[in-house]
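Peer 1: What follows is a single structure, and I will ask about it in a moment.
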């Protein structure tokens, strides 16, 4: 939004107007954070039981965190617990040391190191098919069900193996050739909108299914003049009876419930305050536009939380781009650029916060923590973040030349997002050719696949892919799907070789790999702040031919 980004794009850039500028200010940034950041916490609280208990979503990072916490506080099964703790510590150390080793070869820039190792060949590497040696996603593959990992790989094959290479051949026909890699008018537009079409189809189907099942249960309960059970136990392969441990987890998670009326009234009240306040901060975005955002935000928050529960990917930025495009198009030439960027911030805040909260609920579920206490802690943490985050940004903004292409803090996404908003002002006509038709196909395909999963017998349905998991690599790339598939292959072989050992230690191994990778971010950030660059750039290119 700021003047510097406007000047970087240039006054001669079509649609880049001098009036569409709003420079950062500590006052309005803190105010904006306070009026939009809390809505995500209330948007999905009522569905926490559905996401964690009924759907049994894994939330790999949340599960790994719970495993680490439990390892320090376990009081039962001392011998097995001791072995699990040692196993977790062993693989945490391996993961940490491996990341340290990788750092020495990662050089400066985005093309060096093991993260860019063309393990399947240079041609496959161009289409993101490579193993990037990520302990986190190998760990996710060990935690996530086999069907989730296989679905992500299938989505990667469909998108990066066939669809994107085919659309790339249409450059100059379907869309202008020689566009930037983040230009909505080119291949990037297909990637974003088609992946979102799949995600929205899956999310919408499951949300309608939840509403239908809830209404059906209420009607049946009234007919029988009985009460709804606190926990709906779904049959599994081992029978209907839950283990004593599972019952204890479920009862604890349900006991300190957050009343639905509190979540609903909290969301409505905060939305009303935001609807009145956001137009004061950004006059370009009218009150009815903010209202529209808050009507549809819970659906997008559900989709993002559901996807994060399956694959550990938080796609808040993707939903933010969709909000940016829609609202910039809605407002049009007079203020559409600023309105789109503001709507992007609102949408990203809601869907990201909702996903993080649900992941924390998963951690709390596995650690027997009070959901009510966790929710209050989230409120306190969010309030602190609304002050600390703007202050931190303002410190950098005041001390450094943020956004300078030749400086240390280039902020390349500032230019990208502003150009997206300028493009959004032009409306759907600016999208590349056939983009909406392909999106419609994948949206309908997502609904059909979900319907097939529900109507076919269980022994068949378990082999039908999950559209939400398929959609993530459409946008992100194939490399993480390969990592997760490696994890699921290891788990599959381990189950066949020694099922009991696998059941006892697979979660510990996965948690160690994920936590070790996460802990490395701390020394990595310190090295970055101290401006200590890796000494070696390991880079691959085709060999010279005579």
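Cβ coordinates come from backbone N, Cα and C, glycine included.
TrEMBL does not curate its annotations; it predicts them automatically.
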Peer 1: State the residue range annotated as transmembrane segment by TrEMBL; the candidates are 409-430, 431-452.
Peer 2: 431-452
Peer 1: Could you tell me which of the ranges 311-333, 472-494 is annotated in TrEMBL as transmembrane segment?
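Peer 2: Going through 311-333, 472-494 one by one, TrEMBL flags 472-494 as transmembrane segment.
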Peer 1: Under TrEMBL, which of the candidate ranges 121-142, 187-208, 209-230 is annotated transmembrane segment?
Peer 2: 187-208
Peer 1: What residues in the same chain, six or more past the boundaries of the transmembrane segment (431-452), come closer than 8 Å to it by Cβ-Cβ distance?
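Peer 2: Residues 170, 173-175, 184-187, 189-190, 193-194, 196-202, 204-206, 461, 464-465, 467, 471.
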Peer 1: Hey, which bits of the same chain come close to the transmembrane segment (337-354), Cβ under 8 Å, at least six residues off its ends?
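Peer 2: Here the qualifying positions are 1, 15-17, 20-22, 32-33, 36-41, 43-44, 274, 278, 281-282, 284-285, 289-290, 293, 297, 300-305, 314-317, 319-331, 382, 417-418, 420-422, 424-425.
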